[in-house]
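Asks: Handing you a structure now.
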Amino acid sequence: LMERKTHVKINRKEVMLAKLRKSCSCTPKKLKNFVMDFLPVLRWLPKYQCKEYIWGDVMSGLVIGIILVPQAIAYSLLAGLKPIYSLYTSFFANIIYFLMGTSRHVSVGIFSLISLMVGQVVDRELLLAGFDLNDDAPPTLGDGFLQNDSQSNTTAFNLTIAGMNAECGKECYAIGIATALTFLAGVYQVLMGVFRLGFVSMYLSESVLDGFATGASLTILTAQVKYLIGIKIPRSQGHGMLVITWINIFRNISQANLCDVITSAICIVVLVTAKELGDRYKHKLKFPLPTELLVIVVATLVSHYGKLNEVYASSVSGAIPTGFIPPKVPRFNLMLRVAVDALPLAIVSFVFTVSLSEMCAKKYAYTIRANQEMFAVGFCNIIPSFFHCFATSAALAKTLVKTSTGCQTQVSGVISAMVVLLVLLFLAPLFYSLQKCVLACIIIVSLRGALRKFRDVPARYHVNKVDTLVWVVTMSASALVSTEIGLLVGIVFSMLCVVVRTQRPRTALLGQIQDTSFYEDDSEYENLSSVPKVKIFRFEAPLYYANRNYFLKSLYRLTNLDPNLEAAIRKKSEKKEKQHLKKGDHTTANGLGIGETTLQLVPKQIDFQALVVDCSSISFLDTTGVNTLKEILKDYKDLNISVLLACCNPSVIDSLKRGGYFGKDFGSMQEMLFYSIHNAVQFAKDQQ
């Protein structure tokens, strides 16, 4: 046996006290480092290489800003809010991430999945408050909120019970819910950063995230169909929203607005064609074509001068006010209503941001700090919530555009924010006549990437069937039940798959590769030779309470010997022998001799004298695992079969020692534990 190193015992109490003293001490240098870590812009901005970086940052910032404006207006439909709030969100998120983010390339702002999750909560709370979700009349601005007059929305909600003394209209209440939800999501993210709970993202596997994104994309697509064809149907809420919405669409298809249908068809053809051409010739284009902006400009002009709203009753965006609404503290009592909803929103927002940040950092050879990213995205939610914004996250499509247009640092985010600010201050009213069906087209075409995941299912299935099943279950639950339930189902199901894999792992009997000291699965490889009088058993998982029975069943099945049953048969045989010897009769009732009776009771001849357990795939043992190995050691010993363990890692060896597997003084350890299968086999042969 190799000698183990003696590790010096660490006094954990002293270590924790030392860390606590270090973290609680305050020196000028430490304070400076804390501020610079909290605001990474203070580290990299003084070193900014203007001549080298400025052109790429300005170009990418302008392109992203041009893309942001139509997307912000479009995604307001998903969030169930007015376009002005989406523009606020895009502006503040870029500024704050510029100050606090550690990724140079990520584009943080409105994201379709996050907007959908916010919109579902807003719609639910509006319904509970008694508002009509389907009233499309334009609101008016007043008292820091968008409020409806008596003609635009007859339902008003007195928010005295929610801590608001003034009567509040539909839009006032909607943005109140959205800001409360956003504030709480940001608080959760900051708390996760403080307590270093970033490991939570590890439980969101790639299959879960892809399935969630695809399922949510189907929900988004379904929610936009009514705008595409210009019908008015009730907004479905709760579980099964996708199915109910499609049923309502087909019931009301005869009421489709021909003007909206034609406009939608033209816009989708133009957008898809431009996207496909852009993808095909992206290596020749210095920056992507601003197709969405061109479509919005042309569609707005056609709608305005063609008077599509007045003549054909086509639904339009309505008035978008300029300037900023005075900041307001999110309502605490509204937070109590959405506290549970904010948790999945916080996790999804953080996971998408960190995964995109890590992807960019790996591609461009720099490092990010995941914990600081959690703080950054948290404050991108907390601070803007005071300025009537809703939840944000990093967006994949805009991040890819940002990197492809020469982005070098987050200065590009400031340029994008300035473009949005220009629209907020001066250009917003120009979008009054923009048809909602055009915004729906932009949203649907932006889902191409997520919907294309369906094409990857055969390749995914070929690589890993279990991951494909996780993807299908998560996607189905997200689309057919709800996005939050779908995410939870995906996480639980993927963890169950891991548990099931360890509960019923691969097991095998090993044979020797000819003329070598190596052993492999006898059922998988040809020309392996079995070792006489020795069985070699491999168990490819940790041995713990959940798979103990499967371990024993597999061992008994593959070795063709159940030691408990064999021992019972032998005892029964010995008992009958003793009974006949007492009677002095050497024959049984059926005329057979005692020896022949024994052969009938024990028909099986044991063809091995040693069992080698390959522990190379057993990563750990719990108490049940140790007791299981002790049990088979005793049971096989009763049959004069020795049990030898091979390739145990130090953790398993320590567990066996603590469990008393080797006896009190470990004297027999050298005869029970081996560092290779071949050593164990040679020992077994010598014993024979």
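Glycine too: its Cβ is placed from the backbone N, Cα and C atoms.
In TrEMBL, annotation is done automatically, which means it is predicted and not curated.
Source: prediction; values computed, not measured.
Features from TrEMBL:
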- 53-75: transmembrane segment (TRANSMEM)
- 95-118: transmembrane segment (TRANSMEM)
- 172-191: transmembrane segment (TRANSMEM)
- 211-229: transmembrane segment (TRANSMEM)
- 334-354: transmembrane segment (TRANSMEM)
- 375-397: transmembrane segment (TRANSMEM)
- 409-427: transmembrane segment (TRANSMEM)
- 471-500: transmembrane segment (TRANSMEM)
- 524-684: domain 'STAS' (DOMAIN)
Asks: Relative to the transmembrane segment (172-191), which of 53-75, 211-229, 334-354, 375-397, 471-500 accounts for the most Cβ pairs at distances under 8 Å?
Replies: 375-397
Asks: Among 53-75, 334-354, 375-397, 471-500, point out the range having the most Cβ pairs under 8 angstroms from the transmembrane segment (409-427).
Replies: 53-75
Asks: Are there residues at least six beyond either end of the transmembrane segment (211-229) with Cβ under 8 Å to its Cβ atoms? List them, or say none.
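Replies: Non-local partners: 77-78, 112-113, 116-117, 241-242, 245-246, 249, 253, 256-257, 260-261, 264, 315, 348, 436-437, 439-441, 443-444, 447, 450-451, 453-454, 470-480, 483, 486-487, 490.
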